[in-house]
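Enquirer: Straight out of TrEMBL:
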DOMAIN    4-34  domain 'Centromere protein J C-terminal'
DOMAIN    76-103  domain 'Centromere protein J C-terminal'
DOMAIN    111-145  domain 'Centromere protein J C-terminal'
DOMAIN    149-179  domain 'Centromere protein J C-terminal'
Amino acid sequence: EEIQRETAYPDGKVEKVLKNGCHLIFFPNGTWKKVGSDGKTVTITFFNGDVKQVMPDQTVIYYYADAKTTHTTYSDGLEVLQFSNGQIEKHYPDGKKEITFPDQTIKNLFTDGQEESIFPDGTIVRIQRDGSKTIEFNNGQRELHTSQFKRREYPDGTVKTVYMNGQQETKYVSGRVRVKDKDGNIIMDTKV
């Protein structure tokens with residue numbers, strides 16, 4: 001681009017105004033700033049390789065050269081971080097966070113302390129504030145983990161519960177209930 005005007009300042013800063021209306025400002029430390037002809041688009045390239053862009057809608061895109069990470073802040077408050085390994089984090093204005101890992105697992109962190117992870121195979125894990133966990137498998141099975149027991153529910157209606165003391169209880173759709181002690185010995189079996 002053709003230079004319309006160039007000004008050198010006592011502090012070592014140099015400003016160039018291009019004929020297309022862009023302003024280029026060069027700082028002694030190697031940092032330089034470009035202000036677009038619209039006066040709203042600003043790009044700052046820092047001496048360490050970082051780049052900050054401010055768009056006309058006030059979206060700010062900051063690229064951290066050393067970490068190879070891009071941090072975008074939108075005018076509505078949404079922040080998106082993109083890491084060099086493919087991980088993407090979205091931080092919403094309400095405090096919710098969504099992380100997409102390189103393997104495409106998605107983890108949601110809610111403001112009330114709950115978590116939800118969705119795995120590529122369709123498995124969903126939900127963790128409540130009290131620490132209890134629900135796992136929904138892609139084969140229709142569900143598991144509930146609490147401080148007192150672990151329970152698996154099968155698509156056919158069978159429910160197997162393992163208590164913290166090791167005792168196991170299996171309830172079948174037929175109404176049959178089988179209970180085993182911690183060593184696997186049957187202590188009750190109601191065959192229907």
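Glycine is no exception: its Cβ is also placed from the backbone N, Cα and C atoms.
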Enquirer: Which of 4-34, 111-145, 149-179 shares the most C-beta pairs under 8 angstroms with the domain 'Centromere protein J C-terminal' (76-103)?
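Expert: Per the Cβ under 8 Å count, 111-145.
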Enquirer: Within the domain 'Centromere protein J C-terminal' (76-103), how many residues are helix, strand or coil going by DSSP?
Expert: 0 helix, 12 strand, 16 coil
Enquirer: Within the domain 'Centromere protein J C-terminal' (149-179) only, compute the mean pLDDT.
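Expert: Taking every residue of the domain 'Centromere protein J C-terminal' (149-179) together, the mean pLDDT is 95.
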